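K.L.:
Straight from Swiss-Prot, here's the annotation block:
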DISULFID  C34-C70  disulfide bond
DISULFID  C350-C369  disulfide bond
DISULFID  C385-C397  disulfide bond
DISULFID  C435-C449  disulfide bond
DISULFID  C439-C445  disulfide bond
DISULFID  C534-C572  disulfide bond
DISULFID  C557-C577  disulfide bond
DOMAIN    30-345  domain 'MACPF'
REGION    413-656  region 'P2'
SIGNAL    1-17  signal peptide
TRANSMEM  113-120  transmembrane segment
TRANSMEM  127-132  transmembrane segment
TRANSMEM  235-244  transmembrane segment
TRANSMEM  248-256  transmembrane segment
TRANSMEM  656-676  transmembrane segment
Amino acid sequence: MNNFRATILFWAAAAWAKSGKPSGEMDEVGVQKCKNALKLPVLEVLPGGGWDNLRNVDMGRVMELTYSNCRTTEDGQYIIPDEIFTIPQKQSNLEMNSEILESWANYQSSTSYSINTELSLFSKVNGKFSTEFQRMKTLQVKDQAITTRVQVRNLVYTVKINPTLELSSGFRKELLDISDRLENNQTRMATYLAELLVLNYGTHVTTSVDAGAALIQEDHLRASFLQDSQSSRSAVTASAGLAFQNTVNFKFEENYTSQNVLTKSYLSNRTNSRVQSIGGVPFYPGITLQAWQQGITNHLVAIDRSGLPLHFFINPNMLPDLPGPLVKKVSKTVETAVKRYYTFNTYPGCTDLNSPNFNFQANTDDGSCEGKMTNFSFGGVYQECTQLSGNRDVLLCQKLEQKNPLTGDFSCPSGYSPVHLLSQIHEEGYNHLECHRKCTLLVFCKTVCEDVFQVAKAEFRAFWCVASSQVPENSGLLFGGLFSSKSINPMTNAQSCPAGYFPLRLFENLKVCVSQDYELGSRFAVPFGGFFSCTVGNPLVDPAISRDLGAPSLKKCPGGFSQHPALISDGCQVSYCVKSGLFTGGSLPPARLPPFTRPPLMSQAATNTVIVTNSENARSWIKDSQTHQWRLGEPIELRRAMNVIHGDGGGLSGGAAAGVTVGVTTILAVVITLAIYGTRKFKKKAYQAIEERQSLVPGTAATGDTTYQEQGQSPA
């Protein structure tokens, strides 16, 4: 019997250990098992992962990969997951090409061309924040150069995912967290979690990967070389090819070391050169093409990628345990988060290097290259605030209010009109002691105190003042840049204002630098072209609109001005306009990463959704009260659930329940009263019985009294 119990316990422990292992550990076990059995390497170039299409960076694993069947590529060279299939290249696919890239706007990635060229609303900024692109753009602009690129590419496999692939456990868990927030109407928290999902898994999922290796040389030449050269573009690309062949030893029979006049001129005009080995053995000077190609076998990498947007994989087939309508809401929430990521990293401006309005940081052209600047008067900013909740010790508006220095009040000076830029809610958590009396049976009372966390809220409204009529010269404020807790002032390269300027508070943490000293402050003054936000446009774009503030205005800058991001305030971007050519120096900005939405300080109360009905296919889902899992409901269960929801079942309504509670309390009070009364009456009867018993023996009582009296009189 003991042996039987021991066996049962052993198998239970083994089953628990097996079920308790994370999926990642199970994959490691499967990989090692296959490597031991087949004595083959594992193919590491795999699709099914997340991809950031702005930065060209691999992200977290979206699709689950397992190695239970120990599958191999068709040529038997590598172990591959069960959910992957490969298309081997039966013949050696060695490609060599040379190209001229005259502008960074036409740049194409060497390793993610296919996924970057997808057609979408934001495809123009795909790859614009990759290290490869930013290096090339910086060199082209700073050196006034063009780029030539020569590359040798060797494609070995095309690796694709199986359409029946399942989501990874980590990605699936994050989707379930978002769905849980959505079903409980916690939209703000769901938005925040969706933005975290984009941060961890990117914007796309790779569905196909080209595995191989590439050897690339990029040369940057003075732009004047191509313009002044009497030869054709083909001659320049040929010179680039010769330079590459001198770097990599091709060992051709024909001697390419002899340089003609054009090749020598090419080399003399080269301002920068880089050779990059992607896959294969590491590059070193003098390496032969044959040696590099032979080292590819065990050093495969991705040399191109294809994929689909992240939300495409959030569908009922991938999440069969959730109701269809809820899955669609999750997919839409994630899609919106991806669009917001693209929007906040789109920098409109003039992209023509030859234009005086050129904006180095712009990655999309907005047609502002031809505009001429107009001087505008800046009437200042101010911010109103109204406290909505909180006690007297938590005064939020003291650090949110800002008066206009030109008026000393929350207003604009004469000749200026206010532009309501944005209204938002500011939240701060605070703790306070909350005490109340707690009584039992209305008799036993005590004071109970507890430390309670609550949220104080205040609404702030930001305004800036635009000239609505002719105003006297030097009547407004000088603008000296701005900064926040996460950005610096381009005028000072620090979180500060120039000399002679003072900061005005706007939003929660933006500081706008202004000056009223036209004599000393003009040295650092910057021509200002207005503000605009995600909700309100810039009335200075059209002078006629600035006179009629009731008319809608465009969310852009007037001619001759370039836009720059001021800050992202709780998911809303606020931009400002300055004279083109200013604030565009230095290095290119990195990608602004999510989340952009603040999470709520306190979780909203759950509505405890228990049933979801899909009107399209008349299917209803019920949430199990024990397991909290969704499942398709049976007709009987649906009727029972609806009865509970609408109060038609056997349960009591709120009023009935209250009546029963009052009745039970009354009966209990009566019983307690009767018990107290009965106890007192019983004690009274017992006392009378003793008196009657004492009266039957009077001598005893008299003797006692006499003795007491005698004892009291004897001393006298």
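Glycine is treated like the rest: Cβ placed from N, Cα and C.
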K.L.:
Write out the long-range same-chain contacts of C385 (disulfide bond), meaning residues 6 or more apart in sequence whose Cβ is under 8 Å from its Cβ.
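P.N.:
Same-chain residues close to C385 (disulfide bond) (Cβ under 8 Å, separated by 6 or more) are L396, C397, L400, E401, A458, E459, F460, R461.
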K.L.:
Would you mind checking how many other C-beta atoms are within 10 angstroms of the C-beta on C397 (disulfide bond)?
P.N.:
15
K.L.:
Which chain-mates of C34 (disulfide bond) that are at least 6 residues away have a CB under 8 A from its CB, listed by sequence?
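P.N.:
Expected: L40, V42, Y67, C70, I79.
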K.L.:
Please report the Cα separation of C439 (disulfide bond) and C577 (disulfide bond) in Å, rounded to an integer.
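P.N.:
C439 (disulfide bond) and C577 (disulfide bond) have their Cα atoms 64 Å apart.
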K.L.:
Given the disulfide-bonded residues C369, C445, C557, C572, C577, state which is nearest to C435 (disulfide bond) when distance is taken between Cα atoms.
P.N.:
C445
K.L.:
Give me the non-local Cβ neighbours of C572 (disulfide bond): same chain, 6+ apart in sequence, Cβ-Cβ under 8 Å, ordered along the sequence.
P.N.:
L422, Q424, S533, C534, T535
K.L.:
Rounded to the nearest angstrom, how far is the Cα of C369 (disulfide bond) from the Cα of C445 (disulfide bond)?
P.N.:
78
K.L.:
For the transmembrane segment (127-132), find every same-chain residue at least 6 residues outside the stretch whose CB is under 8 Å from a CB in it, and list them.
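P.N.:
Contacts with the transmembrane segment (127-132): 53-57, 107, 109-110, 112, 116, 345, 363, 590-591.
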K.L.:
Suppose you look only at the domain 'MACPF' (30-345); what would the mean pLDDT be?
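P.N.:
Over the domain 'MACPF' (30-345), the predicted model scores a mean pLDDT of 89.
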K.L.:
Provide the number of Cβ atoms within 10 Å of the Cβ of C70 (disulfide bond), excluding the reference atom itself.
P.N.:
17
